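Participant: Structure below; questions to follow.
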Amino acid sequence: MNILDELRTRFTPALLAWTDDPSSVIEMLKASQDAKFGDYQANFAMPLANRSKELKPRDLAAQIVEQVDLSDVCEPLEVAGPGFINIKLKQDWLEDQTKQLVTDDRLGVATAKSPQKVVVDFSAPNVAKPMHVGHLRSSVIGDANYRVLQFLGHDVVGDNHIGDWGTQFGMIIFGYKHFLNEAAFQESPVEELARLYRLVNQLSDYHATRNTIPTVQNEVEQLESKLKTMEAANNPSDKKSQKQLKKLKSNIGERKSELTSMQEKLTAFEQDKDLQSKADTFPEIARLARQETAKLHAGDPENLDLWKQFLPECLEAIQVVYDRLDIHFDMTLGESYYQPMLADVVADLKEKGLATESEGATCVFIEGFKAPFIVQKQDGAFTYATTDLATIKYRVEELKADRVLYVVDSRQSEHFQLLFATVKEWGFTNLELQHVSFGTILGKNKRPYKTRSGDTVGLESLLDESIQRAYAIVAENDDAKPDGPELRKEERTQIAETVGLGGIKYADLKHNRDSDYVFDWDKMLANRGDTATYMQYAYARICGIFRKGNVDRPTLRNEHTMLNLAEESERALALQINRYSEILESVAIEARPNYLTNYLFELSNLFSTFYNNCHVLKAEDENVKTSRLLLCDLTARVIEHGLSLLGIRTCERM
Ligand code: ARG
């Protein structure tokens, strides 16, 4: 049962005396932060009293309490402080609820009353290049949301909206035409295409860097002369100007170090004679690559053939990563799929008077936005925006979607705001659209995470490294066991895989997705603290209890007679187990898997406290022992299930 939901439902009629819209305040009934205020707490008396101005919040709270009948579920409700309502569940009711979970495969989680068709648009790499660390977040956050929604009974479609039609294809086509290593291509097309992509990227980056250096130099000179003037006029007692001076100096420092690293990059590049000669041959490589893309889009047969030849190779390469990550999609309709529909989209927008010509381009202007939504450029090319509009039309008309989640970097938030606003005006008003945005993964220097040499980190090598590090940890723990190591080599390898991949995923999911986070191996794989490893150990530890006590878990569940939560730590653990359902529903509403990671962390902590305070196998009597074993069983099941919804596995021994 979703206890929170139940409490809110029971309170709602009592609120009608004070507001026409109880839903506006009902979320102020929440789990309480501190057990001394009860299990749940309702704070709505304060805003309601403010609005009605008839009663003091405390008196209003008292009136609400009089009208709500929760005597079957809760101890008498208490009004505290200025008007808080403290709610404590009855012991026998909680015991009874917990007992019901023992034989419930769904761990108390009901399926949605009105299931929706939900499209989760996630991962979506541009496939002409190998996947890198930047693709991790969308893949992992998208997958977790997918799994949670599906478990809640929604009809979920995972769509990998890959970039298979963009400028990167022009780059590999250009590379293929000019720099192909035939033998390497025969041997491994994917690797050769990746090499060509990197090469063309490197060459155009070289020219771009060379062209920007003078500008930056110029800027530095100007800043330095400004500094001189300021220093000459400096008044040491004027705090404001000291501050400005300091800021200017640090700005100059930053720009200079940028300049140095640009120059270093050029020097390194120029030392490679072969690269240098290629760069000299194609000073306009960026424009030439764009030209290849334009030819592809215009239907040039040669480029189209190459594209058709390359695409399957690119898809195969990303599939390898998805297999390792255990991530699945129901469809992979990339940008190319929508190309035939784009002209109609623009025509329709024009016909409805939504899109207008502006400086040769076709744009949708939405009130409140500075930039227009450009659906066709001056040169006639359609855009990312046009494709997204066509995609929505397809998802509504063909897939019958009720809701679409876009799991995409927060840097695209303006695009999605414009997209959603345009779609509304276009007439798709019954569709729920949500940008599930996320921040960047940073290195310890607080800049986007890169390798030591400044390259992007490949996703596969990241996974390899994590598994390797996990192996070392697993081996060390096993070697340190008091009765000697118990794991075979294959077992260690398998556990390392589970721990390594789980660690990476968990570290990504546990943060509020909107914020950036710093990638840190040691924190991520630590045995203690808010990590997957900690929970995986808690799970394995519980499995160990059952092994040691020779307990058959299914039999235990079927024969259970007793559930007794006399100890404080037993009660707290049971309450947390009962909250699983409300947590999953909150994840589903806001598409925030970190609510689930928080919950699981708290659960593992409560288990630890319980296990430290209460004997399980050596409990004082058989009934108490059974009851505690049932709590262990439920904890293990919730951890295992919760982690599985995050795409993370568990091991019975570690
Ligand atoms: N391929 C895009 C990128 O790498 C992300 C696509 C996200 N999905 C969408 N429907 N726009 O930036």
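Even glycines carry a Cβ here, placed using N, Cα and C.
Bear in mind that TrEMBL entries carry predicted annotations, made automatically and left uncurated.
So TrEMBL lists the following for this protein:
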DOMAIN    5-89  domain 'Arginyl tRNA synthetase N-terminal'
MOTIF     125-135  motif ''HIGH' region'
COILED    213-265  coiled coil
DOMAIN    535-654  domain 'DALR anticodon binding'
Participant: So what's near the motif ''HIGH' region' (125-135) in sequence-distant terms, Cβ-Cβ under 8 Å and 6+ beyond its ends?
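Facilitator: Answer is 162-164, 166, 168-169, 171-172, 193-194, 197-198, 201, 310-311, 314-315, 317-318, 321, 334, 409, 440-441, 448-449, 456-460, 462, 519.
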Participant: Over the span of the motif ''HIGH' region' (125-135), count residues by DSSP class, listing helix, strand and coil in order.
Facilitator: 3 helix, 2 strand, 6 coil
Participant: Looking at the coiled coil (213-265) alone, can you tell me the average pLDDT?
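Facilitator: Averaging the confidence scores along the coiled coil (213-265) gives 91.
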